[in-house]
Every structure is written in C-alpha cells, then in structure tokens.
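S.K.: Okay, so Swiss-Prot annotates it like this:
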SIGNAL    1-19  signal peptide
DISULFID  C22-C162  disulfide bond
CARBOHYD  N89  N-linked glycosylation site
CARBOHYD  N215  N-linked glycosylation site
CARBOHYD  N269  N-linked glycosylation site
DISULFID  C270-C350  disulfide bond
CARBOHYD  N293  N-linked glycosylation site
ACT_SITE  H298  active site
DISULFID  C311-C330  disulfide bond
Amino acid sequence: MAAPSSLLLAALLWVPAEALSCYGDSGRPVDWFVVYKLPANSGSGDKPWKGLMYKYMDQNSEGWQDGVGHIDSKDGAVGLTLQPLYQKNSSQLAFLLYNDQPPKSSSAQDSSSRGHTKGVLLLDQEGGFWLVHSVPRFPSPASSGAYSWPPNARTYGQTLLCVSLPFSQFPGIGKQLTYTYPLVYDHKLEGIFAQKLPDLEEVTKGHHVLREPWNSSVILTSRAGTTFQSFAKFGKFGDDLYSGWLAAALGTNLQVQFWPNSPGILPSNCSGTHKILDVTETGFPGPSGPTFNATEDHSKWCVAPEGPWVCVGDMNRNKRETHRGGGTLCTQVPALWKAFRSLVKACKPC
C-alpha cells in the first residue's frame with residue numbers, strides 16, 4: 001500500500017516544468033516573491049551595475065537576500081518569470097501588460113486620465129501569475145522578443161510583487177482592474193480566455209466601472225493557499241487610498257513608502273482613528289544595508305507597524321492620485337510583514 005500512496009503524494013506535489021508561475025532566484029517555481037530594486041546611489045558595487053542591484057525574498061527564504069545577479073538579467077526572478085511572454089510558443093497564453101507610463105517602444109502614450117497603476121497578468125487555462133510593480137516603461141511588449149530592464153528605471157528604488165494563482169482567481173483580478181482603470185499597452189485575450197474573463201476583456205477595451213461603489217476589495221488565494229487581499233479604487237473615489245480607505249479596512253496604523261518628489265504630497269495624517277505616517281528613510285538589515293531616503297525610492301508599499309499587514313502596490317500619496325484609479329495587494333504572511341517592518345528607519349511625524 002505504501003507505493004500507491006507515495007505515487008499519489010508525488011502527483012499532488014509535482015509542478016510541471018513549464019507551468020506558468022512566478023519563478024524565484026533559484027530558478028524554480030515559487031508561490032510568491034518580492035523584488036526590491038535598490039536606488040543607484042545606495043550601497044556599494046561596480047559602477048556598471050549601479051541601479052541594477054536588488055534584494056529578494058520568497059516563501060522559502062529567511063528574510064531579505066541579495067539578488068543572484070542584476071535586475072536586467074533574464075536568469076533572475078523577474079526575467080525568468082516573464083520569459084514565457086517573449087517565447088514563440090505563446091499561442092496558448094493570455095496576457096495583459098499595463099502601465100500609466102508605457103514603454104517607448106509601444107504605441108501607447110502616457111495618460112494621466114487612466115489609473116496610476118502598473119502590472120502584468122500572464123496565464124493559461126490552468127493559471128498563471130499577477131506581477132504588481134512600480135516600474136515605469138516596463139516590461140517591453142511581447143513583440144520585442146526578449147526581456148529587458150528600461151534604462152530610465154535604474155536611478156530610483158522599485159518594488160515588484162509576484163503571486164502565482166490558479167485560473168479561478170483571475171475573474172476577481174479582472175473585476176479589480178475595472179476599478180483601477182489601467183492603460184493596457186499590450187495584450188492577448190482570445191477565445192476561451194475572453195469568454196471566461198469578461199471583465200478583463202472590458203479592461204482591454206478601455207472600459208471601467210460606471211457606478212458606485214467606487215472602490216472594491218477581493219480576496220485572492222495563491223496556488224499554494226496563501227491569502228492576499230486586493231484593494232482597488234476608481235478615480236471617482238476621490239480620496240487617498242491609504243488614509244481614506246486602507247487603514248480603516250485593515251484596522252491598523254500604516255507606515256507608507258511612496259514617491260515624494262511629485263507636487264501635492266499628502267502629509268502624514270493623524271486626524272482619524274488610525275495614523276498614516278509617510279516613510280522618509282528605508283534601510284535593509286546588516287552592516288552593508290543599504291539605507292536610503294524616500295526621495296531616492298519610487299517603490300510603493302505600506303506596513304502596519306504593530307502587524308500583521310503588509311501591502312505592495314502602485315499608488316502614491318498626493319492630491320492628483322486621490323482622483324485616479326489604482327490599488328495595492330496586501331497579505332498577512334508573517335515573514336513578509338517582518339521583512340518590510342524592518343525596513344522603516346524614519347517617518348515624518350504628524
């Protein structure tokens with residue numbers, strides 16, 4: 001009886017080599033990963049690689065680790081994950097690439113009327129992944145044929161969160177994107193995908209939610225059973241994502257890292273039940289750090305100082321973005337919360 005049981009267990013644990021999934025720095029499929037691209041002026045390193053170094057973690061790592069190479073390598077986590085997008089045998093795949101600052105190689109133009117939101121969906125009929133990120137001009141369209149890192153994205157810090165998901169979770173993501181109103185600059189959603197994912201098809205046509213409520217949250221379950229919660233708002237929501245909704249929804253104070261170099265920055269807010277503090281300095285653990293100011297960091301994330309929530313997304317805290325779509329993806333994974341909580345070195349008081 002032992003042999004059949006062993007075979008059954010192996011079948012349940014086996015992941016096909018070509019399964020669409022987030023891929024880690026190890027070169028193997030992972031349930032989720034976070035890549036934190038470091039600012040060019042932080043830490044040490046040879047000049048040619050300035051702005052291409054990154055920190056990495058997934059469900060198997062013990063906190064932050066140095067990236068295995070450089071962010072522009074096709075052999076690192078981000079390059080491996082996006083590789084199927086650029087392969088010729090992608091006829092059975094569906095994908096959406098969206099960015100309010102699309103690559104120059106695409107025909108799309110920057111649009112302040114669309115959501116301030118950036119991401120990648122890549123899937124087949126079994127599932128795929130959602131990559132939520134902060135990187136302008138990224139990634140290059142599928143027709144480019146190869147993964148690359150945009151030169152404009154070397155200077156400042158950036159975050160990328162990838163989650164592997166079964167197909168059943170993509171209708172929920174489609175709903176969320178009708179709220180965030182993304183600028184889709186490249187996509188393929190044909191046949192069975194268009195039939196089963198009608199909201200995503202509407203998104204590719206530039207459609208969005210037409211009636212209240214102007215915000216939406218959806219629970220998503222990763223391929224390995226990790227729970228994430230997506231928060232999305234349309235422009236007519238008319239308020240800051242963090243102080244106007246997220247803190248109350250999560251029931252916690254928040255420390256928020258965002259791009260502070262744009263006009264109309266919203267100050268730290270202690271007027272409500274929960275405090276929203278703007279992060280001013282970020283530092284990685286260890287003697288080499290590095291530590292850097294928020295003015296050098298284009299990433300968008302927040303953490304509950306007392307736990308257990310951490311969120312990675314694509315929205316800043318400024319007046320303009322109170323009237324734009326966007327969102328964030330949150331989780332209560334203890335290791336991920338601990339990793340981000342340790343990054344906060346200073347906040348602007350109320």
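Cβ atoms are placed via backbone N, Cα and C, with glycine included.
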S.K.: Which one is closest to C162 (disulfide bond) in space, judged by CA to CA distance, out of the recorded positions N215, C270, C330, C350?
M.R.: C330
S.K.: Could you check which of the recorded positions (C22, N293, H298, C330, C350) sits closest to N269 (N-linked glycosylation site), going Cα to Cα?
M.R.: C350
S.K.: Just counting, how many other CB atoms are there within 10 A of the CB of C350 (disulfide bond)?
M.R.: 12
S.K.: Rounded to a whole angstrom, what is the C-alpha distance between C330 (disulfide bond) and C22 (disulfide bond)?
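M.R.: Their Cα atoms are separated by 17 Å.
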S.K.: Could you check which of the recorded positions (C22, N215, N293, H298, C311) sits closest to C350 (disulfide bond), going Cα to Cα?
M.R.: N293
S.K.: Taking the Cβ of H298 (active site) as the centre, count every other Cβ atom within 10 Å, in any protein chain shown.
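M.R.: Around H298 (active site), other Cβ atoms within 10 Å: 22.
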S.K.: Where the distance is taken from Cα to Cα, which of the recorded positions C270, N293, H298, C311 turns out closest to C22 (disulfide bond)?
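M.R.: Given the candidates C270, N293, H298, C311, the nearest one is C311.
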S.K.: Could you give the Cα-Cα distance between C270 (disulfide bond) and the residue listed as 'active site', in whole Å?
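M.R.: With the alpha carbons as reference points, the distance is 24 Å.
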S.K.: Roughly how many Å separate the Cα of H298 (active site) from that of N215 (N-linked glycosylation site), to the nearest whole number?
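M.R.: Taking the Cα atoms only, H298 (active site) lies 24 Å from N215 (N-linked glycosylation site).
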S.K.: What's the CA-CA gap between C311 (disulfide bond) and N215 (N-linked glycosylation site) in angstrom, rounded?
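M.R.: Each residue's Cα considered, C311 (disulfide bond) and N215 (N-linked glycosylation site) end up 17 Å apart.
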S.K.: To the nearest whole angstrom, state the Cα distance for the pair N215 (N-linked glycosylation site) and N293 (N-linked glycosylation site).
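M.R.: Between the alpha carbons of N215 (N-linked glycosylation site) and N293 (N-linked glycosylation site) there are 31 Å.
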